[in-house]
Amino acid sequence: MTAAAGNKDHQKVILVGDGAVGSSYAFALVTQNIAQEVGIIDINVPKTEGDALDLSHALAFTSPKKIYAATYDDCHDADLVVLTAGAPQKPGETRLDLVHKNLKINKEIVTTIVDSGFNGIFLVAANPVDILTYSTWKFSGFPKERVIGSGTSLDSARFRQAIAELVDVDARNVHAYILGEHGDTEFPVWSHANVAGLQIYEWVKNNPDVDEEAMVNLFFNVRDAAYTIIEKKGATFYGIAVALARITKAILNDENSVLPLSVYLEGEYGQNDIYIGAPAIINRQGVKQVIEIPLTDAEQEKMEASASALKEVIETAFAKFEAEEAK
């Protein structure tokens, strides 16, 4: 039995990386009453101590929780370890540009966590997330079900929100996915996008006041949203923090929720040996099932192109990494 399948009454999360994303995620755990114990790890120990103290002052307004500056030894009985640590994405830099800097960091962190005796679930959010989820799986030796990336969860939320604003409907009643890489080769699954069960094209047809040209161009704003935010404020962190909190809740509460995440494919969508954004059912065991929704020919081509781009980077990055390790 994994740690994640153990004591449901005391849920323990360890966060590795107390930067903008990590601290925002910890704040979301506190305000949403998720988990009973939250440990924060970072090379900047005074920062983790300060954040833990600051967050503890909110507990009288939320719910009891143990929050503290943790060490890697504290991972041994955690249900979930969330990885946000890594080199930040700079203005003009793609997520894939980050891979060479972050692979080494990832290996050091993951092997240290595994050495602690950790036997729960890894949730990866550091970018490029699909590649670092794959490397976490490789370096940990864990089953694929217990290594999950945030994938296109935030991209899909941005997509739903953008559609909602255009058609003037609550985003919670818009159902739509962005699949593929969390990055430049991601793509919208328009063929399954719907508002309250009505296919998006039917909705537009029935509501002539909806700007069709704006609908067509909507995805590009979604795809490039991170670059826009980074240019304006230096980093994105609130959206992904809440996405991570949602994933955490689904895992710890054994929800069997369907979310678009970076998951390992074994034949689904015609892909193998890759972590990439796809819908999956998740619960306390991790990934219960990858859902293969039927794509149009054009969408399938985009999935294949996205997977090919990721695999090319993975192969190049790992070859370089292994060569450096062998020196």
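Cβ from N, Cα, C; glycine included.
Computed from a predicted structure; not experimentally measured.
Listed by Swiss-Prot as binding NAD(+) are Asp42, Lys47, Tyr72, Gly86, Ala87, Ala125, Ala126, Asn127, Ser150; the candidate from Val21, Val167, Val169 that the record includes in that site is Val21. Checking Cα-Cα distances from Thr236 (substrate binding site) against the recorded positions (Val21, Arg160, His182, Tyr227) with a 10 Å cut-off leaves Val21, Tyr227, in sequence order.
All chains included, 16 other C-beta atoms sit within 10 angstroms of the C-beta of His175 (beta-D-fructose 1,6-bisphosphate binding site). Close to Ala125 (NAD(+) binding site) in the fold, though at least 6 residues off in sequence, lie Val21, Tyr25, Val82, Leu83, Thr84, Gly149, Ser150, Ile240, Leu244, each with a CB less than 8 Å from its CB. Comparing Cβ neighbour counts within 10 Å across the binding-site residues Val21, Val129, Ala157, the minimum falls on Ala157.
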